[in-house]
Amino acid sequence: MLAVGAMEGTRQSAFLLSSPPLAALHSMAEMKTPLYPAAYPPLPAGPPSSSSSSSSSSSPSPPLGTHNPGGLKPPATGGLSSLGSPPQQLSAATPHGINDILSRPSMPVASGAALPSASPSGSSSSSSSSASASSASAAAAAAAAAAAAASSPAGLLAGLPRFSSLSPPPPPPGLYFSPSAAAVAAVGRYPKPLAELPGRTPIFWPGVMQSPPWRDARLACTPHQGSILLDKDGKRKHTRPTFSGQQIFALEKTFEQTKYLAGPERARLAYSLGMTESQVKVWFQNRRTKWRKKHAAEMATAKKKQDSETERLKGASENEEEDDDYNKPLDPNSDDEKITQLLKKHKSSSGGGGGLLLHASEPESSS
């Protein structure tokens, strides 16, 4: 328990140190030293490994009589002299405590001077890093900064794989090269609905996809007939849609009943005929225009006929009045102009018999 308390105290002091090289040394010592030395059997005495011997030869040799199994330099401060006292131990089992997990060496962090990766021989990695820190001050400062980042909670979590529940997983690469993805992208590119896109079949109601028995499939209005085509100049050219005989017959019968369609009626008629509402609306507009022109022409013809009949009747009535005057007997007290007109009309109709009538009338008047 004393060793555990000492380790916790040194770990807390390592975070509080202001010198980066000292913080690096203490963090490496914490990674090297186990928390429970009594739980692990000591290593059998034997010759040191080649890596530790090479690292110890490169580092300055400690004074004789001092026990320094890790190859670390004795710390300059007296409060940190208990770091090298526990012997180096290798874990015989896998501890799962919180302190054990936190004391595990973290993954190497990419920096100016990379730390050596964690391996079973912790003494060789720590001794080599301490030797490089003592050889060059610049390398020691970089290693200290990297060790401080590794010893911090962010550095401990840096080597772990990151999983974010808020970010969705990356989509498979085939999504961007499939026809369905291209259709979805086309909807984003074109603001019009999918029924009006070039080369796309219109989206009808579910019952319209199964054509009714009275509809002729050969003469039915196909979606490509009303699609947008491009001229050789690159300009848009709208083709005129053609309708089947059954569709025109139903439209004409509906137009005879009513000249204008409300919204629900237009939608119902378009659904029953397999047409779009815009097609029905445009057809009724064109049909009303045609009906107005035809009605205006008929009215003009009827007016002309009525005017001609009126003139004929007027002329006939005038002739009848003249005939009535001619058929009446001659009044001797009438004016000379009227008598002259009657004589001229009589000459034109009967020839030379007018003189006889005149002579015959004179004796009667004289007597």
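Using the three backbone atoms N, Cα and C, a Cβ is placed for every residue, glycine included.
According to Swiss-Prot:
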type: REGION; residues: 36-133; note: region 'Disordered'
type: COMPBIAS; residues: 48-59; note: compositional bias 'Low complexity'
type: COMPBIAS; residues: 78-91; note: compositional bias 'Low complexity'
type: COMPBIAS; residues: 110-133; note: compositional bias 'Low complexity'
type: DNA_BIND; residues: 236-295; note: DNA-binding region
type: REGION; residues: 294-367; note: region 'Disordered'
type: COMPBIAS; residues: 304-317; note: compositional bias 'Basic and acidic residues'
type: REGION; residues: 306-367; note: region 'Involved in DNA-binding'
If you average per-residue pLDDT over the DNA-binding region (236-295), what number do you get?
86
Provide the three-state DSSP residue tally for the DNA-binding region (236-295): helix first, then strand, then coil.
43 helix, 3 strand, 14 coil
Reported in the order helix, strand, coil, what are the DSSP residue counts of the compositional bias 'Basic and acidic residues' (304-317)?
14 helix, 0 strand, 0 coil
